[in-house]
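Enquirer: Pulled these features from TrEMBL for this protein:
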TRANSMEM  6-28  transmembrane segment
TRANSMEM  49-66  transmembrane segment
TRANSMEM  72-97  transmembrane segment
TRANSMEM  118-140  transmembrane segment
TRANSMEM  146-167  transmembrane segment
TRANSMEM  179-198  transmembrane segment
TRANSMEM  269-294  transmembrane segment
TRANSMEM  329-352  transmembrane segment
TRANSMEM  372-393  transmembrane segment
TRANSMEM  399-423  transmembrane segment
TRANSMEM  430-452  transmembrane segment
TRANSMEM  505-529  transmembrane segment
Amino acid sequence: MATVVFHWLDYLIFALVLLISASIGIAYHRQRSSKDIFLGSRQMTLMPVTFSVMASYRRFLFLALLRKFTRVQYIILGISYFLAFPITAEVYMPVLYRNRVLTAQHYLELRFSSAVRTAASIVFCIQMFFYQAVVLYAPAITFQQVTGLSFPLTMVLTGVVCTFYTALGGIKAVMWTDLVQMIIVFVAFCTLVVMATMEVGGFERVFEMAAAGDRLNFFNFNPDPTVRHSFWTLLFGGTGMCLTIYSANQAQLQRYLSCSTESVARRAIYLQMPLTFLFLCFLCLAGLVIYAFYSDCDPLLSGDIVKRDQLLPALVVRLFSARPGVTGLFVSCIFSASLSTVSSGINSLSSVVLEDLIKPWQPNLTERAAGWAARVLAVVLGLSTVGIGFLATNLPATVLQIVLSLFGIVGGPLLAVFSLGILVPWCNRYGALTGLLASLATTLGFSIAALIDPPPPDHRVFGTEGCYNGTDASNYTISTEHYSNWTVTTASLVARQRPVHWLSYLYYTPLALLVAMATGLAVSALTGFNRAKPVSLKLLHPRVWRLAAAGSVQVATVDDEAAAAEPAGEAGTAQSESIIPTTKSEHTPLNMELEFSSRHSAVHGTVDLMNQK
């Protein structure tokens, strides 16, 4: 594939993006304590939180997989947002916010034990560490093929910039940088879609070609769970995948916990429904435009690119090579998407390593020392991510697929253990730990089996008739042969009876929930439920308080909690407070908890049950 050399205007635009990101980190360099660095002193407002939540994960995943959005079927994912985000806002976020924890995994220790907290933290760190390394892959491809810059230079540049402003400014710098980078992405992709549409012949022509290529088929109601993308997998599996990202991932939960009030956190989550849905619709439109642009000449079969990941950079070269400044804007777009994801990962990794893996062994660490440790960890983890990124570029594609799949494989079990804690009052520490490990082994087993015996490809190649122009007949012949081989291979795979390990990756989360719930409850029953350790009601969702106090579960009374409470920082203080109404500020976690339960008409019954205990 041909490359272009940056014009001075392209370099200027790209340098401005780097400068803005770095300057935001410098502006917030006065963060002192670990709470300042990881939670912004719990003073974040609605706008930066809303756009940071939207930007951090989905944006990079969507841009990296834009080549797959060449059919409107993926809009069904948008329906899942209207199911998942209310669950996050009303079930998971309130319990974590009211317990005033610094990390989501700290809740697991309060609810279960330190062993469950440590296991979940290690699983999260492994997932994020390798995911971060692969995130560096997308800008490396773009840089190399649009500018001619090498993989190593791109990875070092991305890692150093992210590490710099994350270590200096903490979560405040990450959130405000996300907002700026979101604007850059929007402007760049609007430019790309408009110019590509003009080249094709207008939006009417785009939809005509999409209809001719069967790209406007919204609904595939095949109930077979091994079908990779059907209406049901995108709806229910997409809901589960969305919950893993927004309800059980420290990088997202950290943003909710940093909000000034619970109301701000709830509104930020609800705003994700329209914003993310509109972004998804825009990506589907961009995918259709790309399909229309390449519909009569597949760039892979024609030899213009060597892998599908290069489809977007190839389009940029075709459209913008003669337009100085526009190429720099697009490269800044891809770079910004990667920066946002990597910086979020570095900050969340630092918080989990410090709060969940180091502080339990160093309980006397001062806040000032913890602040310095947070910055050092950000630097070490950021540079380590770059190092693993170098190794990832040389790994086979199958290994890269495993690493990317970790996001779904690990997210389901983590969501399952949080669900056991918040919604299942009978589950004890043995059930939670067993459920986490059993569900993790199940999803990992399905993924490895699918890698060894993969399902048929879930994409159609573009046409090749437009590639023949009388000067590249040999290339056209080779491309046609390639296409024939692909067709035969696909037909032979479809003819097979679909094995169970071809289960759609979107169903990994529901599968993990089922396995964890069954295993967790069974082990909890065998080990006496919670008789050995009473469950504090404020660690459960208010909707299950009645179940917890109904006699089958031992709950902690006010006197029990006061006697057992020890000074353990902010979370320990919150745990020792009474859940009975007091004259404290209306914004305290426990009064907000009572207000929440009052809206569901459960306060008086719950307090009576507690007094009976």
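Even glycines carry a Cβ here, placed using N, Cα and C.
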Enquirer: Residues of the same chain, at least six outside the transmembrane segment (146-167), with any C-beta under 8 angstroms of its C-beta?
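Expert: Residues packing against the transmembrane segment (146-167) from afar: 3-6, 10, 18, 21-22, 24-26, 136, 139-140, 173-174, 177, 313, 316-317, 327, 330-331, 335, 338-339, 342-343, 346-347, 350, 375, 378-379, 382-383, 385-386, 389-390, 393.
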Enquirer: Does the transmembrane segment (430-452) come close to the transmembrane segment (6-28), meaning at least 3 CB pairs under 8 Å for residues 6 or more apart?
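Expert: Checked: the transmembrane segment (6-28) vs the transmembrane segment (430-452), no contact.
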Enquirer: Looking at the stretches 72-97, 118-140, 269-294, 372-393, 505-529, which one shares the most CB pairs under 8 Å with the transmembrane segment (329-352)?
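Expert: Comparing 72-97, 118-140, 269-294, 372-393, 505-529 against the transmembrane segment (329-352), the winner is 118-140.
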Enquirer: Determine whether the transmembrane segment (372-393) and the transmembrane segment (72-97) share at least three Cβ pairs under 8 Å, counting only pairs 6 or more apart in sequence.
Expert: no
Enquirer: What parts of the chain pack near the transmembrane segment (72-97), using Cβ distances under 8 Å and only residues at least 6 beyond its ends?
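Expert: 104, 107, 210, 215-220, 229, 231, 234-236, 238-239, 241-243, 246-248, 253, 256-257, 259, 262, 265-266, 269-270, 272-273, 276-277, 280-281, 283-284, 287-288, 418, 422-423, 538-541, 589, 592-593, 596.
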Enquirer: In the same chain, who gets a Cβ under 8 Å from the transmembrane segment (269-294) while lying at least 6 residues past its ends?
Expert: 46, 50, 53-54, 58-59, 62, 66-72, 74-75, 77-78, 81-82, 85-86, 88-89, 93, 189, 192-193, 196-197, 199-200, 205-207, 209-210, 213, 215, 246, 256, 311-312, 315, 318, 462
